C-alpha cells in the first residue's frame with residue numbers, strides 16, 4: 001500500500017467517491033422525475049379539480065418556485081451550519097411532501113406541497129454539488145459533477161414512461177403518479193444517513209481535528225487536505241456581488257439561465273412545438289427526442305473529459321443558436337427540421353453537463369454552496385418565467401419569432417461566457433475557485 005503523503009485532490013477514484021456521487025445523483029434522478037410527471041398528472045387534474053389555465057400553470061411551475069427558494073436559502077444556510085445536515089434534511093422534506101400529494105384535495109394543497117418538494121430539491125442542488133466537488137479528486141471531478149445531467153435525463157424519461165402507464169381511465173391515477181416520487185426519495189434518505197461532513201468546510205471553520213479525522217477514516221492517514229485557508233468570517237449573499245466575486249457570480253448565473261431557458265421551454269412544450277414546426281407524429285417525435293437527451297448527456301461526459309470547459313461551452317452556445325436560427329428560417333414541415341432538432345437536442349443535453357461542474361468549481365469553499373445555490377436559483381426563475389410565457393409568445397408572434405428569441409438568449413450566454421468564464425478543468429479545487437488566478441479569462445468592461 002502506498003503511504004507517501006498525497007493531497008486529497010490527487011487521490012485515485014475510490015468506492016467512497018462513487019458512493020457520494022451516487023447519493024448526489026439521487027437528487028437529480030428525483031428532480032427529473034418530479035418535473036417530468038407533473039405534465040401527465042395535469043391531464044387528469046384539469047377536469048378532476050376544474051383547473052383554470054392559470055391554476056394549471058401554478059401547479060406546473062410550483063416546484064420550480066420551490067427550487068428557486070431552496071437554492072438560495074438552504075445553500076446559504078449550509079455555508080454556515082455545514083453540508084451534511086442539509087444533505088440529509090432536504091430529502092426528508094422531499095419524501096414527506098411527495099407522499100402527501102396522494103391526499104391532496106385542492107389545487108392549493110398541490111401547489112404548497114410541490115413548493116416544498118422544490119425547496120428540498122433546490123437545497124440539495126446547492127449542497128449536493130458542493131459536497132461532491134469538495135470530496136472529488138481533480139482528475140475525476142469534471143466527470144463526476146457532469147454525470148448529473150445523464151441521471152437527470154434518465155429521471156425525466158422515466159417520468160414519461162410512468163406517465164403513459166399511470167394516466168389511464170382511472171380518474172384518480174394522478175395521485176399514484178405524483179406520490180410515486182416518494183419511493184426513490186425515501187431510499188435516498190435512508191442511504192444518506194451517516195454521510196460525513198465536508199472536511200474542507202470543517203477546516204474553514206477551524207475544526208482541524210474533525211476535518212483530519214474524516215480524511216483519515218475515508219482515505220487514509222497519509223492523505224492531506226491541501227491548501228484550504230482558514231477564515232473566521234461568515235459570508236453573506238452580498239459577498240457574491242463584491243468587487244472580487246461579481247464576475248464569477250454573473251457568469252455562473254447567466255450561462256446557467258441561458259442554457260436552461262431553451263431547454264425547459266422546448267421540452268416542457270415538446271408535443272406542441274413538434275406539431276407547430278411540422279413534425280407529422282408529435283408523440284413519436286417527443287419520445288425519440290427524449291431518448292436523444294440521454295445520448296447527448298452521455299456524449300457530454302466524453303466531451304467534458306476531452307475538451308476545455310470554456311471552449312466546450314462557447315462552441316455549444318454558438319452551435320445551438322445557429323441551429324435555432326436556421327430552423328426559424330425553414331418552412332414548416334421541411335425535411336431538415338427534424339435533423340436540426342436532433343442536433344439541437346443532442347448538443348444542449350451534452351453541454352448541460354457543465355451546469356453541474358462550473359458553479360461548484362468557480363467559488364471558494366466558504367461561499368461555494370451560496371454561489372451554486374444562487375446560480376441554480378436564477379436558472380429556475382428563468383425557466384419558470386420563460387416556460388409560463390411561451391404559450392403567450394407563440395400565440396402573439398408564432399414559432400419563427402419564438403425560435404429567434406431563444407437563439408438570442410443563447411447568444412447572450414456566449415457573450416457572457418467569453419467575457420467572464422474561468423477555465424477550471426483539472427485544477428485543484430482551491431485553485432479553481434481562486435479569483436484572479438492563472439485560470440481567469442475575465443475581460444474588463
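Residue 1 is the first one shown; counting continues down the chain.
Even glycines carry a Cβ here, placed using N, Cα and C.
What Swiss-Prot lists as topological domain 'Cytoplasmic' is 1-22 (among others), and the listing cites sequence analysis. Mean model confidence of the topological domain 'Cytoplasmic' (1-22) amounts to 84 (pLDDT, 0 to 100 scale).
Mapped onto DSSP helix, strand and coil, the topological domain 'Periplasmic' (44-56) counts 9 helix, 0 strand, 4 coil. The topological domain 'Periplasmic' annotation in Swiss-Prot covers 44-56 (among others).
Residues annotated as topological domain 'Cytoplasmic' in Swiss-Prot: 78-85 (among others). Counting residues 6+ beyond its ends, the topological domain 'Cytoplasmic' (78-85) has Cβ neighbours under 8 Å at 123, 126-127, 130-131, 134, 195-198, 201-202, 234-235, 366-370 in the same chain.
Residues annotated as topological domain 'Periplasmic' in Swiss-Prot, with sequence analysis given as evidence: 107-114 (among others). According to DSSP, the secondary structure content of the topological domain 'Periplasmic' (107-114) in residues is 8 helix, 0 strand, 0 coil.
According to Swiss-Prot, the feature topological domain 'Cytoplasmic' maps to 136-142 (among others), an assignment based on sequence analysis. Counting only same-chain residues 6+ beyond the ends of the topological domain 'Cytoplasmic' (136-142), those with a CB under 8 A from a CB of the stretch are 8-13, 17, 20-21, 304-305, 309, 357, 361, 425-429.
Annotation source Swiss-Prot lists topological domain 'Periplasmic' at 164-175 (among others), citing sequence analysis.
Annotated topological domain 'Cytoplasmic' per Swiss-Prot: 197-253 (among others), in sequence order.
According to Swiss-Prot, the topological domain 'Periplasmic' annotation covers 275-286 (among others).
Taken from Swiss-Prot, the feature topological domain 'Cytoplasmic' applies to 308-311 (among others). According to DSSP, the topological domain 'Cytoplasmic' (308-311) comprises 3 helix, 0 strand, 1 coil.
Among the features that Swiss-Prot reports, topological domain 'Periplasmic' is placed at 333-337 (among others), with the record citing sequence analysis.
If you look up Swiss-Prot, you'll see 359-369 (among others) marked as topological domain 'Cytoplasmic'. Using a Cβ-Cβ cut-off under 8 Å and counting only residues 6 or more beyond its ends in the same chain, the topological domain 'Cytoplasmic' (359-369) has close neighbours at 75-76, 78-79, 83, 126-127, 129-130, 132-134, 141, 145, 198, 200-201, 203-204, 228, 231, 233, 235, 239-240, 245, 248, 251-252, 256, 375-376, 422, 424, 427, 429-430, 432-434.
Swiss-Prot lists 391-400 (among others) with the feature topological domain 'Periplasmic', giving sequence analysis as the kind of evidence.
Annotation source Swiss-Prot lists transmembrane segment at 23-43 (among others). Sequence-distant contacts of the transmembrane segment (23-43), counting only residues of its own chain at least 6 positions beyond either end whose CB sits under 8 Å from a CB of the stretch, comprise 51, 56, 59-60, 63-64, 87, 90-91, 94, 98, 114, 117, 121, 124-125, 128-129, 131-132, 147-149, 151-160, 162-164, 166-167, 174, 177-178, 180-181, 184-185, 187-188, 191-192, 195, 268.
The transmembrane segment annotation in Swiss-Prot covers 57-77 (among others) and rests on sequence analysis.
The annotation transmembrane segment is assigned in Swiss-Prot to 86-106 (among others) on the grounds of sequence analysis.
Remote same-chain partners of the transmembrane segment (115-135), defined as residues 6 or more beyond its termini with a Cβ less than 8 Å from a stretch Cβ, comprise 8, 16-17, 20-21, 23-24, 27, 30-31, 34, 62-75, 77-78, 83-84, 86-87, 89-94, 96-98, 141, 144-145, 148, 181, 195, 198-201, 356, 359-361, 365, 368-370, 372-373, 376-377, 380, 429. Under the heading transmembrane segment, Swiss-Prot lists 115-135 (among others).
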Contacting positions for the transmembrane segment (57-77) when only residues 6+ beyond its ends and CB under 8 Å are counted: 34-35, 38-39, 42, 45, 51, 86, 90, 107, 110-112, 114-127, 130, 236-237, 268, 369-370, 372-374, 376-377, 380-381, 383-384, 387-388
Candidate ranges 86-106, 338-358, 370-390 - greatest C-beta contact count to the transmembrane segment (287-307) (under 8 angstroms): 338-358
